[in-house]
Amino acid sequence: MTSSYNELHNLFARLSRFHHLSSIASWDMHTMMPIGGSKARSEAMAELNLLQHQLLTNQKTSQLLDQAEQETLGEVEQANLLEMRRHYNNAIQIPESLVEAKSLAGARCENAWRIQRHANDWAGFVENLREVVKLSREEATIRSKSSGLSPYDSLLNLFEPGMSSHELDTIFGDVKSWLPDLLQKVVTKQDKTSVILPKGPFSIEKQRALGIKVMNLLGFDFNAGRIDVSSHPFCGGVPEDVRITTRYNENNFINSLMAIIHETGHALYEQNLPREWLGQPISLARSTAIHESQSLLFERQLARNSDFLKILRLLIIEQLGEQPALEEDNFIMLIQRVKVGLIRVYADDVSYPAHVILRYEIEKSLIEGDIEVEDIPALWNEKMSSYLGLDTVGNYKDGCMQDIHWSCASFGYFPTYTLGAMYAAQLFHCLKRNVPNLSTDILQSDLSNLFNWLKNNIWSNGSRYTTDVLITKATGEKLNPRYFREHLENHYL
């Protein structure tokens, strides 16, 4: 007789195959699809999302979950069942009509964003975004009534289970109390030393070759992934077929390269998730903040490390040629330079949290109904001026239109970037303690001990443990923002 758990196992394996198709179709929409295909693709993906929702929320699924929870299961199966229940609870809260409407509106808004951001057309974009916000508020209200969480927290928990805006307010409030002073001290210190900037142009062909060399160094498996170009760098696909993207600028190879390192961090997590559990919820990444911790560990911890920069510099010279800006001391100062700017994805370590906190505060107010879409530009400029001393009046493409997240209804995602940076600092602190020869390894281009530590402590665990348990097992304590502050102070002062 087939157990209820085994039936659920088969159901979620089937759902994962649909998710596979959906992920690759989404990647294609962002990279290869001609603009004329957007309407048909949006409708096809909405249909696929609806099919997955129907399969997951079927009445039989509820019965199987109830029955499986009475069965005797091993530790791994119990953990998988908990994740099955969480996925089911998240899905059952939302009616099919809203799933379909949100999917269609998000696709329309994303496609509009690609065109209207480039044209700095906020007025044209507002109507598309307004519909996405309307549906996201509707979703948040429904989830809030079901879960007992606030509307914003009900969306936040889709990305970061167990996190609350109350906890975020405490964490971010602390950051805001010390970050401005630290930022000023770092900028004042660095202003005493001039830095030579790289002189382009740098051909896209050579930049791509450089990116591939760095991805190989970092352990990316090209038999199970690839790199392409998109309007906004991202990591998509599935563990067996990971797709990352970047965007190139012939006058600036550093931004593209750092985006590649960031997305490769995401990809390494995906490629090293537990293969023996593939197709099951337990095989998935633990949370968005943990996912971001992996990308930021590579981009912000490893790729700002002086030892790593010495070997990275040699790869750059090999592809792009020598020039004064790439002399060792200058290159290290160049990468570790703190310079306040408008664009989040190009922000340095120290100013980056301000970009995230700004977005978190705006999106929380937006979902809670305290502000409307039309209020975003003025509020954005007010906070950019307050936090970073920058003016974005009239510059929508480098201001409130620069990110894709709100276009695709990813409200609740932004705070996971700074949470991820905090986890990354805590993990790297522990990693250095447990891999005593890390500096020597890095200088020899040997990252195997680093990879093995991450694989054993993070990657191979998938969603077996809650975030708190996962981090405690890896580092000996739950999230402790102290390591993030210490990293910034020790590295930049």
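These residue numbers are counts, starting from 1, taken along the chain as shown.
Cβ from N, Cα, C; glycine included.
Quick look at what TrEMBL annotates:
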type     : residues               : note
BINDING  : HIS262, HIS266, GLU292 : Zn(2+) binding site
ACT_SITE : GLU263                 : active site, proton donor/acceptor
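Shown here: features listed in TrEMBL, placed on the structure.
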{"residue": "HIS262", "record": "Zn(2+) binding site", "Cβ neighbours (10 Å)": "25"}
{"residue": "GLU263", "record": "active site, proton donor/acceptor", "Cβ neighbours (10 Å)": "26"}
{"residue": "HIS266", "record": "Zn(2+) binding site", "Cβ neighbours (10 Å)": "23"}
{"residue": "GLU292", "record": "Zn(2+) binding site", "Cβ neighbours (10 Å)": "29"}
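Of the recorded residues, GLU292 (Zn(2+) binding site) and GLU263 (active site, proton donor/acceptor) place their C-alpha atoms 9 Å from one another. What surrounds the Zn(2+) site, by Cβ distance within 8 Å of the Cβ centroid and not counting HIS262, HIS266, GLU292, is the set CYS235, GLU263, GLY265, HIS291, GLN294, SER295, LEU296, PHE298, GLU299, GLY420 from the same chain.
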